[in-house]
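*Asks:* What Swiss-Prot shows for this protein is this:
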type     : residues           : note
SIGNAL   : 1-34               : signal peptide
REGION   : 82-259             : region 'Disordered'
COMPBIAS : 84-112             : compositional bias 'Basic and acidic residues'
COMPBIAS : 125-138            : compositional bias 'Polar residues'
COMPBIAS : 148-170            : compositional bias 'Low complexity'
COMPBIAS : 204-223            : compositional bias 'Polar residues'
COMPBIAS : 224-234            : compositional bias 'Basic and acidic residues'
COMPBIAS : 235-246            : compositional bias 'Polar residues'
ACT_SITE : 408                : active site, nucleophile
ACT_SITE : 600                : active site, charge relay system
BINDING  : 638, 641, 646, 649 : Ca(2+) binding site
ACT_SITE : 639                : active site, charge relay system
C-alpha cells in the first residue's frame, strides 16, 4: 500500500515563497504556453503533475519515473494526454487552496514590478539574494499565471472531447523544445524544490521563518549541474552547476533525467548556510549506531580473552572441539558484548611456547606481521616471521590500555607479553647491534602503561604434574605433533600454530615432500613449545624472567574438583569432573608433594593461585595494584568450568557461568578508576 502524505506549504515572512508557489502552479497547470517551452516533455509532464497534485502526486510520479527511461516521445505524448483529462478538477482545487493561502502575502507584494528576465538576471548576479529580492517582478508572472490557468481549463475541456487530436496540438514540437528559455528551466527545477519544501515542513513543523528563508534561498545559475551530496541527505543548490546546458546537445535528455532523479532523491535543495548546518546536525544526532563505539561501552579498555594450551578460535579449530569460550552453554565474548562490555577472542598458537604465543598476541592486538625476533629464531631453529594479523587495536600504545584475561596457559602467555612490553628482550637488542637489520618495537621495551589488568583462570603459574608426568613424554609429544603435521596440509583450515616450525604445507609442495621436510624440523627436540613451558621446570623459568608491574591490577581465579580418598591422603576426581581430565586429576591427586594434590583436573590449586616468587594477598573489595589478589577457591569447578566447555555437566549451569563472567567484567571496569593514567 502506498502512503498518502499530507503536506503544508510554509509561509515565509516576506511572502516570497507563497508568490513563487502560486506562480509555478499557474505556469504548470494544464501545460500552457509557458510550460510548452520547457525542455524535455517527459520531465515537463512529471513536474506539472507534481505541482498540481499534492495528495496523489507520489503514485503518479513514481509511475512516470518508471516509464521515463523506456519510452519515446510518442509515449510521453500519450501520457500527457491522459493526465490533461484528470488535471481539470485537480488544478481548480489546488488553485483555489493556493489563492487562500497566499491572499495576505499578495497584498503586501503588489509593488513588485520586475519582469521574469530581471528575476533571472538578479539571481545570477547574486546567488545568495534575500527572499525579499525575489518578490520583485513576480506580479507580472502572477498575471501570466492566471492566463495560463484559463488556458489550462480550456485545454482540459478540449481534451475530454478529443484526446488524441488535442494532445498532438498541445505537445510542443522538437524545435520548440530546443528553444525553451531559461525561465522555464527555472520553473521546472523550482516545482521539484517546492514539493521538497513541503516534505521538510512535514518533518520539522517547528522551524521558524528565518530558517525557512535561508533554506529556500535559491541559486538559479545557468551553469549549474546536479550533483548528490556525499555526507548529507540534502542537495545544495550550489551543486546544480552546469545543469542547464545548451538544449541542442544530444545528451541533454539524459542529463535532465539524471538531474530530476537526483532532485527526487534529495530531501531539499539548500545552500550551505547556517540553517542547513542546523538541520544536518539534528539529523546526525538522531542516527543510531548499530555497532557500539568504544566510548559507549562500560569498559574504557577492551577486554582480550587469551586461550590456553590446545586452544583455538572457531575459524581454525578441529571440528571435534567445542567453542573454546563458552562451549555449547553460551558464547562468552558475544554475551559480554551484548551486555555492554567490549571484548575480543585472541587467536594464537595452540601448541607454541609462551614466548612465541606472547609475540603473536602482541601482533594480534597491534596488527602486523609476526616477528619472533632474529636472535630467537636463530637460537631455536625456526622461521623468524609468522602470520600477519589485521589488529584489533591498532592505536595500542602507552596510555591506551587493554584488559588481558587468560585461561590456563593463557595466563602465562599474558605475563610473558607484559615483560616484553616493559623491559624488552636483551638478546634481541644485542643481536641487532651486532648483526644489524630491523628489530621489532616489542623487543625494545619502554612500553609500559599498555595493560590495565591481568586476570588468570586456572593458570599453572608454577607448572603442573600433568605435563611433568604425561604431557612432556616423548610419545605424547610425538602423537600431538603428528596430528599437527597431518592438519598442516594445504587443504586444511585447521591451524595448530606451528607454521614457524615448518608444519604447514607450501602451495606448490607435494604432500610427500612436505612430510620429508617436517621430519627434519627442530620442533621434535626443542624446548620452545607449550609442552615444556607447562612443566614445573618451564614455569619456574618463566617466573624468574617476569616480575610484577606496580601499575597493573592482578587477580587469579582457581577451581577445585577433587576430594580426599577414604583410606588415604590422595585426592580423587569428583563425579562431575570433565571426563577427559579424570585420569590426570587422579594422577595429580597422588603427587609426592601433598600440597600439590588438590586440583581441577589439570592444574593444582597451589599452582593456580599465584607464582611462588611474587607477592600476593587475599582479594577483597579494595582493589590493589602491583600484587596478586587471590580469590577464594571455587569448589566443584574443574579446569573447563571457567569457560563452559563441558556440555554434559549439569552441576555448573549456564546462568552460573554467565553470572561469573558478568561479575568479572564489572570488576575490570572498576579497576579502570585506579589504572586510568588520564585521571592520575
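Just so it is clear, glycine is given a Cβ too, placed from its N, Cα and C backbone atoms.
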*Asks:* Which chain neighbours of the Ca(2+) site, leaving out 638, 641, 646, 649, have a Cβ atom within 8 Å of the mean position of the site's Cβ atoms?
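*Replies:* Neighbours found: 561, 576, 577, 578, 637, 639, 640, 644, 645, 651, 652.
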*Asks:* Using Cα coordinates, what distance in whole Å links residue 638 (Ca(2+) binding site) and residue 600 (active site, charge relay system)?
*Replies:* 4
*Asks:* Among the binding-site residues 638, 646, whose Cβ has the fewest other Cβ atoms within 10 Å?
*Replies:* 646
*Asks:* In whole Å, how far is residue 639 (active site, charge relay system) from residue 646 (Ca(2+) binding site) when you measure between their Cα atoms?
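*Replies:* Here the two Cα atoms are 10 Å apart.
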*Asks:* In whole Å, note down how far the CA of residue 600 (active site, charge relay system) lies from the CA of residue 641 (Ca(2+) binding site).
*Replies:* 9
*Asks:* Recorded positions 600, 639, 649: which have a Cα within 10 Å of the residue listed as 'active site, nucleophile'?
*Replies:* 639
*Asks:* Relative to the Cβ position of residue 649 (Ca(2+) binding site), how many further Cβ atoms are located within 10 Å?
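*Replies:* Excluding its own Cβ, the number within 10 Å is 20.
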*Asks:* Around the Cβ of residue 600 (active site, charge relay system), how many other Cβ atoms lie within 10 Å? Please give the count over every shown protein chain.
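*Replies:* 33, counting other Cβ atoms within 10 Å of residue 600 (active site, charge relay system).
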*Asks:* To the nearest whole angstrom, state the Cα distance for the pair residue 649 (Ca(2+) binding site) and residue 639 (active site, charge relay system).
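*Replies:* Pair distance, Cα basis, whole Å: 12 Å.
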*Asks:* In whole Å, how far is residue 600 (active site, charge relay system) from residue 639 (active site, charge relay system) when you measure between their Cα atoms?
*Replies:* 5
*Asks:* How would DSSP class residue 646 (Ca(2+) binding site) in three states?
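*Replies:* Coil, per DSSP.
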*Asks:* Starting from the Cβ of residue 639 (active site, charge relay system), draw a 10 Å sphere and report how many other Cβ atoms land inside it.
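*Replies:* For residue 639 (active site, charge relay system), the count of other Cβ atoms within 10 Å is 30.
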*Asks:* Where does residue 639 (active site, charge relay system) sit by DSSP, helix, strand or coil?
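*Replies:* Coil, per DSSP.
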